[in-house]
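First up is the structure itself, then whatever we jot down about it.
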Ligand SMILES: C[S@@+](CC[C@H](N)C(=O)[O-])C[C@H]1O[C@@H](n2cnc3c(N)ncnc32)[C@H](O)[C@@H]1O
C-alpha cells in the first residue's frame with residue numbers, strides 16, 4: 001500500500017499510476033454489477049449476510065438517525081438501516097459507480113424500501129456532504145478499492161457528527177495459519193473459476209483476491225483510523241479474521 005507519498009498505488013498485485021486506479025476499479029464494478037449479489041452469496045456461502053447483520057447490530061442505529069452507507073453498492077446495509085431508522089430517519093446510499101447504484105436502487109425499490117433512502121454518486125475521498133451531517137457511517141468491502149484510504153477516512157470523519165461512529169467492514173488477515181493456507185488456495189484457485197462460471201469474469205475475481213492481500217491488516221487499519229481522528233477504535237475478527245469490523249467514534 002503506498003497511499004500518500006508515492007505516485008503509484010496497488011491495483012491488486014500491479015502497481016499503477018494513482019490517477020489510473022479509480023477507472024480500473026470502475027471497470028471491475030461495471031463488469032460485475034449485474035451479477036454482484038449472486039456472486040456474493042456463492043463465493044461467501046452466504047456468510048456475507050451474517051457479517052453485514054453483525055455490522056448493523058454494532059452500529060447503535062436508532063429511529064430517526066441519519067446514516068451514510070458509502071461504497072454501498074447494491075445496498076444490503078442500506079436496506080437494513082432503512083427499516084431501523086424509520087420514516088423520521090434518513091439513509092444515504094452513496095457509491096462512486098453508477099452501475100452499482102442503479103442495481104441497488106432497483107433492488108431496494110422492488111423490496112418496497114422507499115421514502116427514507118437517497119441515492120448519491122460520490123467518491124469516498126471527497127464526500128459532497130456538509131460537516132457533521134451523519135450519526136453513523138458504514139463502508140463495507142469498499143475501502144480496499146479506494147485510491148487514497150487515509151483521505152477517505154478523513155472525509156468520513158468530517159461528515160460524521162460528534163458522538164457518531166464509523167464502521168469499516170472489510171476483508172482482513174486470517175489469524176490461524178491453517179485457515180490462511182486454505183483461504184489462499186480457495187482465493188487463487190477456486191474464486192476466479194467461480195467468477196468465470198457465474199459472472200463470465202475471472203479477472204475481476206482475481207483482482208478481488210489480490211486486493212484483499214494488499215489491504216492493510218487489522219492493526220494498520222486501526223492506526224490509520226486513529227490518525228484520521230477517530231477515538232476508541234476497536235476491531236472484531238469475523239470468521240477467523242477473513243473479515244474484520246473496525247469501529248471508531250468522533251467526539
Ligand atoms: C465490493 S463492493 C461493496 C458493496 C456493498 N457495500 C456491499 O458490502 O455489498 C465495493 C463498492 O465500492 C465502490 N467504490 C470503489 N471505490 C469507491 C470510492 N472511491 N468511493 C465510493 N465508492 C467506491 C464500488 O463502486 C463498489 O460498489
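The backbone N, Cα and C atoms fix where each Cβ goes, glycine too.
According to TrEMBL, 95, 123, 124 bind S-adenosyl-L-methionine; the candidate from 63, 74 that the record adds to this site is 74. A 10 Å cutoff on Cβ-Cβ distances gives residue 123 (S-adenosyl-L-methionine binding site) a total of 19 other Cβ atoms nearby, all chains included. Sequence-distant contacts of residue 74 (S-adenosyl-L-methionine binding site), defined as residues of its own chain at least six apart whose C-beta falls under 8 angstroms from its C-beta, comprise 33, 36, 37, 100, 103, 104, 107.
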